[in-house]
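All remarks here apply to the structure that follows.
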């Protein structure tokens, strides 16, 4: 893989990871992890997120209320709040570390190995942040589906459904994994003896000079 191609691949991988981090952060704060439709006198949509619940009415607008206590949340939502918040913080840290290992950051030859190590560390942290986001999102979705098809619950009782926030979490985790994989591919495609173009040209010139000196002798 040539240097220009590697630069572009790193840029695409970093931007995908950044997009994934934004989506998982959005997932954390969106109030519609699950939705409940109530057809009463007016159409009401109840939504529940990690931080607040909302009621959306056709005539009354939207009213949201924060949870009074962390213990008010169901178990899966309590664990999800911790995991997704950790994912957001870890994702930001991994993006900073990964940016320090990109080829577009010009450094001297002895520091090339350090850049590669930083990029590898950033990729590992990116994947960890993706897992920390995908696990709670999938867990909550699994719980909603189980309760929706639970035959022990009377049919007259309204059922919660999957909200848009979960899709934001799924797409965010996928983009982070894809972006991290692209960054990793640029590490694997470059060997330790590969140098930037300017250093390679200087090495060729030194070799020619040595050959000329040897032929004169």
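Each Cβ is built from the backbone N, Cα and C atoms, and glycine gets one as well.
Remember, it's a predicted structure, so these values are computed and weren't measured experimentally.
According to TrEMBL, the feature signal peptide maps to 1-24.
TrEMBL lists 79-97 (among others) with the feature transmembrane segment.
Per TrEMBL, the feature transmembrane segment maps to 118-145 (among others).
Look at TrEMBL and you will find 165-184 (among others) tagged as transmembrane segment.
Beyond the signal peptide (1-24), the same-chain residues lying 6 or more positions past its ends with a Cβ under 8 Å from any Cβ of the stretch are 84, 87-88, 91-92, 94-95, 98-99, 102-104, 126, 129-130, 133, 168-169, 171-183, 185-186, 189-190, 196-197. Residues 9-10, 12-27, 30-34, 49, 84, 91, 98, 119-120, 122-123, 126-127, 129-131, 133-134, 136-138, 140-141 of the same chain, all 6+ positions outside the transmembrane segment (165-184), place their C-beta atoms under 8 angstroms from a C-beta of that stretch.
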